[in-house]
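As written in TrEMBL, here are the features:
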type	residues	note
BINDING	8-12, R102, 153-157, 184-189	ATP binding site
DOMAIN	5-231	domain 'Phosphagen kinase C-terminal'
Amino acid sequence: MERDIAISSRVRVARNIKGRLFPASMSREEGLEVRTLVKAAIGDEFRFEYSDIDDLKNIDRTILVEKRLISKELLKRPEISSFLVDRQENTTIMVNEEDQIRIQSISGGLDLDSAWEKCNRVDDILEAKLEYAFDEEFGYLTSCPSNTGTGLRASVMVHLPILVGNGLVSAIMHSVGRAGITIRGIYGEGSKAVGNLFQISNQTTLGETEQESIEKLRNIVSQIIDRETQAREILCKSSRVELEDRVYRSLGTLTNARIITTDEAMRKLSDIRLGVDLGILKLDLDRIDRLTMEIQPGSVQKKIGDEVSEYRRDIKRAELLRAELI
């Protein structure tokens, strides 16, 4: 059940080069120098593919954000920002985002240790060749004070349809907030939760080791998973027919709809994922996860080819879902 509820784990570290300004204060020339330094430092060690943001079309930038390979913040200064990504699209190095260097790694399920191991390995390679901005008292120096310390932000994406339905998420948010944990939409700060998907992450890094931050987050996520699991078991016992009806109605919508918005499609896919988790439907979870990304506006737009209206995208989205699920 844990893998059903915890979809993926991500670990990100923020770093800056000693003696250089934060990206928000950089000149174009200074930003380009940092890009060159980072690209040279990583070399061919991990066979990363390198891209400058200003070389990408807007639609391709949007898709990268939708796939969570880069952040929206990386797009704010495209003339100086770039990124490197491995072939599996599990590890990304963002250059000149809020900080000069942000390394992130993603693993499936509740597996923060694997994500941290990959992230740390890349960080060690860069730190061996670049002198980071570091203070003996405060740790790694970052543009945002909340990242100062280890510079680590760990997060887990979870699917909580029953806790949402029971109206318990707000209370859980308040409770974990006291422990320095935050719950947001899947695209982080300022994003809304769609499809009952949430990102649970640590808020501060100062005064904790990397392992302490990861362990605290893992324990809290495990508790939330247990609550969702218990809520599902209760619902299965008390309202099995109604639950099956909800799942099959959503499947019926997605296999027959001729036009559908992103939000509605995400809600229906949430029901289908729940149905798969509970053995009501026999579909591949990885396929559902892939569909969740492929129905986002940028990805649908890319498949159409031309820049079209939201109405046309909604028609194409319905067509894509029918093709995948019928």
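Including glycine, each Cβ sits where the backbone N, Cα and C put it.
Because the structure is a prediction, the values reported are computed rather than measured.
The structure, with features from TrEMBL marked on it.
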residue	record	CB count, 10 Å
S8	ATP binding site	20
V11	ATP binding site	28
R153	ATP binding site	22
V156	ATP binding site	27
G185	ATP binding site	15
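In the three-state DSSP reading, S8 (ATP binding site) counts as strand.
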